[in-house]
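According to Swiss-Prot, the feature active site, proton donor maps to D215, an assignment based on similarity to another entry. Summarising the annotation, Swiss-Prot assigns active site to H290 and lists similarity to another entry as the type of evidence. According to Swiss-Prot, the compositional bias 'Basic residues' annotation covers 492-507. The disulfide bond annotation in Swiss-Prot covers C38-C64, C217-C234, C340-C346, C368-C377 and is backed by similarity to another entry. The N-linked glycosylation site annotation in Swiss-Prot covers N235, N317 and rests on sequence analysis. According to Swiss-Prot, the region 'Disordered' annotation covers 462-507. As annotated by Swiss-Prot, signal peptide applies to 1-21.
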Amino acid sequence: MYVSRLLLFLAPLLVKGQLSGSVGPLTSVSSKSQTKTCNVLDYGAVADKSTDIGPALSSAWDECADGGVVYIPPGDYAIETWVKLSGGKACAIQLDGIIYRTGTDGGNMIMIEHTSDFEFFSSTSKGAFQGYGYEFHAKGSSDGPRILRLYDVSDFSVHDVALVDSPLFHFSMDTCSNGEVYNMAIRGGNMGGLDGIDVWSTNVWIHDVEVTNKDECVTVKSPSKNILVENIYCNWSGGCAMGSLGTDTDISDIVYRNVYTWKSNQMYMVKSNGGSGTVSNLVLENFIGHGNAYSLDIDSAWSSMSTIEGDGVELKNVTIRNWKGTEADGSQRGPIKVKCASGAPCTDVTVEDFAMWTESGDEQTYVCENAFGDGFCLADGDGTSTFTTTLTASAAPSGYSAPSMDADLETAFGTDSEIPIPTIPTSFYPGATPYSALAGASVSSSQVPAASSSAEAKFVASPATSSPTATSTAISSVDPVSAATTTATSHGHGKSHHKHQCRAHRH
C-alpha cells in the first residue's frame, strides 16, 4: 500500500474524537508518474511570470486526471484564468514552481472536485501561490478570488506548499474525506476574511501548519466529523476556531492538540448566535498562548454574527486540558469565557490543568454562563437551570509559564504591500517534532518529477493526553527514487497545578 497512506491500527482502542480510518492517497506519486507525467510546459505554459498557466494546467489535467502526475517545474508562472479540475482518480499535482495571480475574477484560482486518490504537493517544499491580495486590500476591497478549494475529494493529501496573500480565503476543504494536510505555511494580510484553513469534512488530519493572517487559523465548520488538528502555529493570526455555527449544526469527534498561538484574536473560539444542532466530543488540549486578546472563548451570542433563528447550538462532552501561557489583558478579556445559550446549555464540560495569567494588570476574570461541568466557573448540574458566574483571580496561578517560538513575528503583515513567500518551517509547537520531514529536505537541486515526499505513519493507540507516534518514510523525487527514513514523536507537556484567589459573583 502507498507509503503516504496513514494506517490506523488497533481501531477499537483509538481515542474518541481522533480519526475514524486511514487518510491520504492510495497510490504513490512514483506509481502515478510511471503511468503518465504531464509537464505543463508541454501544454503551453511558460515560466515567464506573464503567460497564463491556466489553460496549460487544465489541458495537462485532462491528460493525467485518470492516472498520472501533472508537473509544474521550478520557475515563475502567472495565472490569469482560474481552473476547475474535475473528476479523475490516482492523480497528483506536483507544484515545484511559484504561481502568481494576475487575474482579477472572483471564485477559486484552483478548484479540485469529485476526485479520489489525489495528492497536491511540492517535492522541493518550495512550491507556492502568491495571491497578491494587497492589490485588492490596499483599495479597501474585500473582493477577489480564493487560492485553493477542494470539494468532494477523498483519499488525498496536500503538503509542502506555501499559500501567500490570498485576496480572500487561502484553503478550504468542503465535503471531503480521508485527507491529510501537513508541512504548510499560509501567510495573509492583517484583516478579516483571509481565512487560513477551513474544513467541513470527515476524517481529516491537519498537522504541522503555520498560519499568519487576522482571521481563521485552522477552523472546523459544519458538518464535520473525526477531525484531528495537531502541531499548529498561529503566528499573529485570528486563531483557531469552530464556526460560525448556524442552523442544524452537526459536528462531532474533533481534537485539537498542540496549538501554539501568538498575538492573535484568540487561542480557540466557538462562535454562534442562535441556530440549532449539536457539537459533541470536542477536545482542546496542549495549548500555549502569548499576547492574545482572548484565550478560551465559547460565545453563543457572538455579536459579529447576525442572530439566527433557533434556541442555540448545544455543546456537550467538551474537554479543555493543559493550557498554559499569558493573555494580553485578563481584566478586560479573561482567559476563560464559556457563555452558552439558555435554550441550549453546554453540558459535560471539563476544564483542567489550565494555568494562564495576564500580561497587563494584576487580575483576570473567568466567566461562565449556562455552562455545566467541572472546573473554574462551570456549575454542577444537567443544564436544566440558568446562571451566570464571574470569578476574579488576583494572583497568578502556578505553572502558567510557557515557552515561546523563535519565529514569533514582531509585527503583522499589512494590507498595502507585497507579502513575501516564506520558507516552510520545521517547528510548529514548542518541543514537538513534525510527523514528516519536509519533502525538500533530501532533494537535490537536479529535481525531476519522480516520486512523493509523503510518509507512511502508523498510529499507536494512546490516551487523549498523548500525541500519536508516527514513523515516516520520506521518498524524494530524485531519479532514481531514493528514500530516507525518519521517526518522529510529538511530545506533550506535563500537567501543571494552579491556585487562585478568587471572588465569585453569580447572577
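The backbone N, Cα and C atoms fix where each Cβ goes, glycine too.
Small disclaimer: the values here were computed from a predicted structure and weren't measured.
When the Cα atoms are compared, C377 (disulfide bond) and C346 (disulfide bond) turn out to be 13 Å apart. Looking only at the glycosylation sites N235, N317, the densest Cβ neighbourhood within 10 Å occurs at N235. Looking at C234 (disulfide bond) and H290 (active site), their Cα atoms lie 11 Å from each other. Annotation note: C368 (disulfide bond) sits in a strand segment as assigned by DSSP. Rounded to a whole number, the C-alpha distance linking C64 (disulfide bond) with C217 (disulfide bond) is 33 angstrom. Among the recorded positions C38, D215, C217, H290, N317, C340, the ones whose Cα is located within 10 Å of the Cα of C368 (disulfide bond) are C340. Annotated pair D215 (active site, proton donor) and C38 (disulfide bond), C-alpha to C-alpha distance, rounded: 37 Å.
Considering other CB atoms within 10 Å as the measure, the emptiest surroundings among the disulfide-bonded residues C64, C234, C340, C346 are those of C64.
For the disulfide-bonded residues C38, C217, C368, C377, the largest tally of other C-beta atoms within 10 A is found at C217. Of all the active-site residues given, namely D215, H290, the one with the smallest number of surrounding CB atoms inside 10 A is H290. The recorded positions near N317 (N-linked glycosylation site), taking a 10 angstroms Cα-Cα threshold over the set C38, C217, N235, H290, C340, C346, are C346. Reported as a whole number, the C-alpha separation between C38 (disulfide bond) and the residue listed as 'active site' equals 46 Å. Cα-Cα distances to N235 (N-linked glycosylation site) place C217 within 10 Å, out of the disulfide-bonded residues C217, C340, C346.
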